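Participant: Before I ask anything, let me first share the structure, which is written out below as structure tokens.
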């Protein structure tokens, strides 16, 4: 889990737009962020396996 101070820091609007970065809405992780879902790959995978993300299916080919 991300430190609470880093999560709070990311929520604040930065002085310059390029300093802004995305964090997972669930756990606060900054890496492996999926913009379409607003969460990191780990949270995405857990919720997808539980069936809590509508329209997401496991690939099979």
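Every residue, even glycine, has its Cβ placed from backbone N, Cα and C.
Relevant sequence annotations retrieved from Swiss-Prot are reproduced here:
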BINDING   24, 27, 40, 43  Zn(2+) binding site
Participant: Determine which residues of the same chain, besides 24, 27, 40, 43, have their CB within 8 A of the center of the CB atoms at the recorded Zn(2+) site, and list them by sequence.
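Facilitator: Sorted by sequence, the hits are 23, 25, 26, 28, 29, 33, 39, 41, 42, 44.
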Participant: Radius 10 Å, atoms counted are CB only; among the binding-site residues 24, 27, 43, which position scores highest?
Facilitator: 24
